[in-house]
Amino acid sequence: CFSIASFSFSLLYLSVSLLRLCPVFLSFILLFTSFSSSVPPSIFSSCSVPVPWRLCGGGLLTEAVAGKGFLLGCISCKRREEVSARATVDWHFKPLGEEEFRHIFHYDHPSAEILHEDFSKRLEWHGTRSGDIQTGAVYVHNVSVNDTGTYRCTFHRTLFLAMADEHVTVEKEVELSVVAVANRPLTAVISEIMMYVLIVVLQLWLIVVLVYCYKKISAEHEAREARKALKAQAALLESKDSCDGVQLE
C-alpha cells in the first residue's frame, strides 16, 4: 500500500508538471498547422508555375493590446530564387468605419519613410534589409484604439528576366482589432481545463487508494491481534495443563 500511495503521489506531481508545458506543445501544434496551411507548397518543392512569385497567406484577422507594440506581417515569396529582383513596399491604412485608405509607410531599401502624421515615430521597418524584399513587416509602437482598422501591404516587384523585365504587384490585407486587455489564448484555456480535470481524477484515485490501504491495514491488524489472542490462549491452556500434571504427581 505504501508503494501504491507513493506511486500515486508521484503520478499526480508528474502530471501537474507536464500540464504546465501544455501551452507550449499546443501552441507549437497550432502554429505548425497554421503555417502549413498558409505557406505555399512551392517553398517545400520545386515550382511548376511559370510566375516566380506568390503571396504567402491571405487576409489575416489579428488582435493587438492598447499601449503595447504590434508587428504587422507581410510576406511575398519568390518561387525561383535564381531570378534576381528588386522590390518596394507600401503600407496603407483604412480606419474602422471609413472607406478610403491612407498611405502611411513606404520602404525602398535602404530608406524608410513614414507618410502620415498619425503614425509619426511609431512605425519601424522589420522586413528584409536588401533590395530584393520578400518580408515587408512593419512594427507599430504604442498601439492605440484609433489604430483599429484594415492595413494593406503592397509589394511592387521588378523581376529581371532574360527577355524583358516584368513588373509584379502583390497585395495583402490585415484586419487589426485593438483591445484594452489581451484575451487569453486558446492553448492556455485548454491546458488549464485539462489540468483541473486530471487533478480531480488523480485526487479521486488517491482517495480510493488510501481507503483501500486503510481497509487492508486494518484487516491485517485485526488478523495479527487475532493470532496474538490465539497464541496467548494456547499458551495459557498449555500452562494450565502443566500445572495440572504437577498436582497429579
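The backbone N, Cα and C atoms fix where each Cβ goes, glycine too.
Unlike curated records, TrEMBL annotations are generated automatically.
Here is what TrEMBL says about this protein:
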{"type": "TRANSMEM", "residues": "12-35", "note": "transmembrane segment"}
{"type": "DOMAIN", "residues": "41-175", "note": "domain 'Ig-like'"}
{"type": "TRANSMEM", "residues": "193-214", "note": "transmembrane segment"}
Residue counts (helix, strand, coil, in that order) that DSSP gives for the domain 'Ig-like' (41-175): 9 helix, 66 strand, 60 coil
Overall pLDDT of the domain 'Ig-like' (41-175), taken as the mean: 83
